[in-house]
């Protein structure tokens, strides 16, 4: 692994340097003796570290499998744990690895606030211009939250196949899959036709499907001045209404503060409180007749709507051939990869990485997982508390669960007593 010695571009000099610290350490919890990983140690710093592959990966007729482990040992507030597969080039110098270093594939978890992501991005080369564009995979449909907060080691796998399909897996379960041709944003291939930018909507184009009836006439008996609400003439003041009692009265228990200065603060008045005599009465103070809907109310008259005889539909510009159109039917043929890099910012420390592998055989990746992540999973399972301890821990976080526990125990006991 090679630490970057450069700076991040377009960033204040105070934080631009890649001075985030890395260590090789054992896991804090559920440790496998003798097993260590690469750990991001710093908070609110830029981190960049990379390593050359033992053999460059060429996208030809074999799948690409990228797999590695991540453990957010302190949870994660805002930060990523994704990796970049760096594009091959004659001038690739890992000591100058930074955010603008060309990469072919970016993959892995990322989180900020309540937004939990699993990235798969690849840089696609435009065959007409030679320029590169980032293509983003659709978001997984599963809830990713638990993978970021449970402080367990999770296995992240990306599979890219020569038939231009992909799969993303967490802990060897598929969380997202799709086609490079159909499920990337923006799409690989641009549209064949585009709107003509020179085409303008005619001034007399009528897009209104309905119009007010020009022949309609307001009825002679239509009164627009009638209010929507009127007093209810049938309402009767409730018996026991206290006309002479105010709704609020001065608090008899209030006392003027000792430091009250009437010359500076004015005459002191006790704060108002609800009149206790009104609590048992239907109401206090001046009784006002309630309002009801006015049966004669019609509101402002409007002509009824009719079909517009001049309706021409929603206007749209004519189509022309897209001058930037191209068709790439095999986007799997990506730029050769020769290095792997971690270029990260994090507000949480102690992010643990382990057991990176890039290969083409699923069986090799599965054996690699069994020898690494599989052992960590076994140790974590063995160290998990029993069911009773888990219930108590859950109730400490959510006290209302105690009520559920009591009811759950009381119900069978109560039914037993009742039926016996």
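Cβ atoms are placed via backbone N, Cα and C, with glycine included.
Fair warning: this is a prediction, and the values are worked out from it, not measured in the lab.
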Here TrEMBL annotates transmembrane segment, and of 380-399, 400-419 the range meant is 400-419
For residue 112 (disulfide bond), the number of neighbouring Cβ atoms whose distance to its own Cβ is within 10 Å equals 14
Helix, strand and coil residue totals from DSSP for the region 'Disordered' (181-261) stand at 0 helix, 15 strand, 66 coil
